[in-house]
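Asks: The structure that follows is given in the form of structure tokens.
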Amino acid sequence: MMNDPSTKYPAFPQVPMTDRQWPGNTLTKPPIWCSVDLRDGNQALIEPMGSERKLRMFDLLVGIGFKQIEIGFPAASQTDFDFVRQLIEEGRVPEDVTLQVLTQARRPLIERTFEALKGAPSAILHLYNSTSELQRRVVFGLDKAGVKQIAVDGAEIVAEYAAKQTDTRWQFEYSPESFTGTELPYAVEVCDAVNEIWQPTPENPTILNVPATVEMSMPNVHADQIEWFLKNIKNRESVCLSLHPHNDRGCAVAATELGLLAGADRVEGTLFGNGERTGNVDLVTLALNLFTQGIDPKLDFSDIYEVMRTVEHCNQLPVHPRHPYAGELVFTAFSGSHQDAIKKGFSAMRKSNSPVWEVPYLPIDPADVGRSYEAVIRVNSQSGKGGVAFILERDHGLELPRRMQMEFSQVVQGISEETGKEVNATTIKEAFDQTFLNAQLPLEFIRHTSTQDDDDDDSLRTLTAIVMINGEKHEIKGQGNGPIDAFVHALKSFLDVDFRVVDYHQHATGAGADAQSACYFEIQAGKGATRYGAALHSNIVTASLKAVCSAFNRGVQDGLLEPTYPA
Ligand SMILES: CC(=O)SCCNC(=O)CCNC(=O)[C@H](O)C(C)(C)COP(=O)(O)OP(=O)(O)OC[C@H]1O[C@@H](n2cnc3c(N)ncnc32)[C@H](O)[C@@H]1OP(=O)(O)O
Ligand SMILES: CC(C)C(=O)C(=O)O
Ligand SMILES: [Mg+2]
């Protein structure tokens, strides 16, 4: 039994607003993206990245299309410092990409940070200090004025060093760290004070980054905080409002989306949400959420596996198999009704001319993220006819009639229950062959020797066929209104057994010299149960007669038909 939380965890207060606009807004364009994988993500790793992994991550981020990349905290360690130098000195930063670095608001650290950036054509200098009531009290032991002074001093030092390093195009960023625990009027006051020093312009705005250093409330409250902040900050037109959500409550993506509705311009986050504790907001999910709402996110995740593999290598952390859009299992349906619906969805998409993606249970076309359809349907004991039929059709071009799908799915279900495992495509085809194509006892079709119009009746034909019955060759003869009907009559009279054909389907498989006819017959024993049979052959009549034999044998094997064999 858990303790009563009501005293220990007071509810987060609402933002006093009555005229909030964000609920009525819509997202129409992507934000400015900034990856902080190499800083916030890196500082949270069990084993932070060395130079090789940092370079791989950097190249990946550039390849995806990030134009702003926070590459480290150069004053914190020689590794971080050297990495900044390496990128600059080796000319590894594309012209349209801006490096961003983080520093505390302390002179020696700021000085070292500027030193690291020497020679960079452009850079974002990111200054932070914590402003929340808790951190003021517990960490800094300072009042509001004291903490604001840290920010102001830091901003002045930054401006001072930037003025000396004029060959770099600077943009400044300030974060009131722990913004979500900061009184909103005070957060605005500190940010205004920083901007008093930096004097931003609409052409070169200050990035005000308001982090959910710890996610403390529901996403709607976060959105209120953003809207309130933007309504009250001075010179809004000279501010680029940036979000930096963490995921402590598991709502970082939602908080970011609502924050964007509330007017934010920019988002800092990481690939797959690596970062302190439960991570930073996941930029992959955010970008692909936009994509699936028809908005080009301007980030390229068309090869999501490659992105995932590289990130797993760099972070030495796995991406969860159910991670949105990317995980190993997200384009896989195990359960029967899902498989059935997906199969029907694909089929409807093929027939339709509409470009609109409409496949049940698949919010994105796997191909858009470089995933194939292969993993879409997998079959286990929870699967139904849809999944089995999908695999037979996709991999072998076999379009089973609906009732036959039901019949055969029982066979596959049996295999799955017996083995307790997933049944793969090869096993499904083997089971199909075993059940239908190889069902050759007691009756095996060899060939039909002749069909001829009956002289007495225009509509009747006579067919002679050679069959093996329990391993012995026999010639049988029958009459009917076509070769199949004649063959059925021949069997019925030769083996003294009662059955009739109740369903018949045929289609072509393969093309050219490999083309075959696939035939499916359902026969009914007397007035009783039915069984399907199937056969493949280059000749459509042969395929049909073999399929009749297949259904007949299954009826005999299951005790539905009791033939009288020739002595
Ligand atoms: C939410 C975030 O992700 S913030 C970024 C966090 N990232 C990191 O910390 C990784 C890199 N940092 C480091 O390696 C170290 O903190 C260093 C090298 C930068 C500095 O190390 P230290 O000098 O030992 O300082 P440390 O970070 O422990 O803080 C010491 C002092 O700085 C103060 N301080 C902390 N943050 C800031 C800040 N942003 N601005 C100004 N002062 C600060 C603290 O209050 C403390 O003051 P005190 O000594 O008077 O009590
Ligand atoms: C340094 C700041 C932006 C940060 O990482 C945070 O508050 O989470
Ligand atoms: Mg952070």
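Placement of Cβ uses the backbone N, Cα and C atoms for every residue, glycine included.
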Asks: Looking at TrEMBL, which one out of ASP40, ASP59, ASP80, ASP485 binds Mg(2+) in the same site as HIS244, HIS246, ASN280?
Replies: ASP40
Asks: Of the residue ranges 1-23, 162-184, which one carries the region 'Disordered' annotation in TrEMBL?
Replies: 1-23
Asks: Could you break down the residues of the region 'Regulatory domain' (439-567) into DSSP helix, strand and coil, giving a count for each?
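Replies: The breakdown for the region 'Regulatory domain' (439-567) reads 34 helix, 58 strand, 37 coil.
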Asks: Determine the Cβ neighbour count for ASN280 (Mg(2+) binding site): the number of other Cβ atoms within 10 Å of its Cβ.
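Replies: Summing over all protein chains shown, ASN280 (Mg(2+) binding site) has 31 other Cβ atoms within 10 Å.
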Asks: Beyond the listed site residues ASP40, HIS244, HIS246, ASN280, identify every same-chain residue whose Cβ lies within 8 Å of the center of their Cβ atoms for the Mg(2+) site.
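Replies: Everything else in range on the chain: VAL36, PRO211, ALA212, THR213, PRO245, GLU268, GLY269, THR270, GLY275, GLU276, GLY279, VAL281.
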Asks: Please give the sequence-distant neighbours of the region 'Disordered' (1-23): residues at least 6 beyond its ends with Cβ less than 8 Å from one of its Cβ atoms.
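Replies: Hits for the region 'Disordered' (1-23): 184, 216-218, 221, 223-228, 258, 261-263.
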Asks: Could you say which of the binding-site residues HIS244, HIS246 has its Cβ with the most other Cβ atoms inside 10 Å?
Replies: HIS244
Asks: Helix, strand, coil: count each for the residues of the region 'Disordered' (1-23), based on DSSP.
Replies: 2 helix, 0 strand, 21 coil
